[in-house]
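Per TrEMBL, the features are as follows:
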DOMAIN    2-97  domain 'Pyrroline-5-carboxylate reductase catalytic N-terminal'
BINDING   Ile6, Gly7, Cys8, Gly9, Asn10, Met11  NADP(+) binding site
DOMAIN    160-264  domain 'Pyrroline-5-carboxylate reductase dimerisation'
Amino acid sequence: MKIAIIGCGNMGLAFARAFLKFDLVKKEDFLLVEKGEDRMEKLSSFQPGVITGVIGPQIGTYDLIILSVKPQDFPSVQEALRAVITPNQVVLSIMAGVTIANIQTVLDHKAVIRAMPNTPAMLGMGITAYTASPEVDMTQLRKVENLINATGRSVFLEEEEQLNAVTALSGSGPAYFFYVVKAMIEAGKKMGFEESVAALLVKQTMLGSFHLINTADKSLDELIKAVASKGGTTEAALKQFEAGNLDETLIGGILAAQMRSKELSKG
Ligand SMILES: NC(=O)C1=CN([C@@H]2O[C@H](COP(=O)(O)OP(=O)(O)OC[C@H]3O[C@@H](n4cnc5c(N)ncnc54)[C@H](OP(=O)(O)O)[C@@H]3O)[C@@H](O)[C@H]2O)C=CC1
Ligand SMILES: O=C(O)[C@@H]1CCC=N1
């Protein structure tokens, strides 16, 4: 399969690397479109078939076009892409909040898959939810699904609207996790540890706890209870979290992310 990627930043490149790792695409079958000079230089080590700063007619010869620019940069590629896109191509967009209908209209192109991955895709440990316009046939959908699965796991959604919630939950989710880890490391530093020691304590705690969630035959409440002894240290921390409505704050933040995704959908 020949793939053109428009916007080769964090996610565009993570996708390209994952496809290569699983031999789903040959290096020479990539066309990478990128704006930044320094970024283009970085891409050359990747040795793709073509690296370019402009969208030209050659794009029409690729099977799949991945749109991985920021939503606000999408207008900068629309006109050029609309002029060269061909009917048999499939567009895969990972842009937050940009709807299939919008992409179809501005590109005058019907076969569009919209997906929302997350940054663990860089390690092949991402989760991507996706949906497709009816004009994407089953063979095309399966091929793209295989590509997405090289970046981790995936889930097909019937309702495109749900991608706003996915964006808020798992798309942005890694940042919430890093935020909590960072705060815990800060607490460790405040208690007198070197950053490296605090980071080791926190990271291993998060890793082990994640595996407990996945393997222990206990609910999250039971897992919390198993740590929090009556009258003990954990209870003191949890009381403080509750007093500050930490769970409500987190839920509110995630709903704000969903709202932002909906706003982006309106253009
Ligand atoms: N980061 C994440 O966790 C996730 C991001 N997404 C979505 O993925 C998309 C990409 O995000 P991310 O990879 O983080 O962003 P990046 O900024 O890292 O990558 C986007 C790249 O596109 C380049 N670009 C901008 N305009 C053009 C253009 N006209 N032609 C070619 N290249 C262009 C940018 O260059 P320059 O920097 O010079 O502008 C940049 O290098 C976004 O739409 C985002 O919503 C989805 C899921 C998760
Ligand atoms: O913050 C954003 O808009 C993108 C979408 C999900 C993660 N990053």
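Any Cβ shown, glycine's included, is placed from N, Cα and C.
Recorded features from TrEMBL, shown on the structure.
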residue : record               : contacts (Cβ under 8 Å, 6+ apart)
Ile6    : NADP(+) binding site : Gly12, Val33, Ile55, Ile65, Ile66, Leu67, Ser68, Val69, Val77, Leu81
Gly7    : NADP(+) binding site : Val33, Glu34, Lys35, Leu67, Ser68, Val69, Lys70, Asp73, Val77
Cys8    : NADP(+) binding site : Ala16, Leu32, Val33, Glu34, Arg39, Leu43, Ser68
Gly9    : NADP(+) binding site : Arg39, Ser68, Val69
Asn10   : NADP(+) binding site : Thr119, Met122
Met11   : NADP(+) binding site : Ser68, Ile94, Pro117, Thr119, Ala121
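In terms of DSSP secondary structure, the domain 'Pyrroline-5-carboxylate reductase dimerisation' (160-264) contains 87 helix, 0 strand, 18 coil.
Secondary structure of the domain 'Pyrroline-5-carboxylate reductase catalytic N-terminal' (2-97) per DSSP, as helix, strand and coil residue counts: 41 helix, 19 strand, 36 coil.
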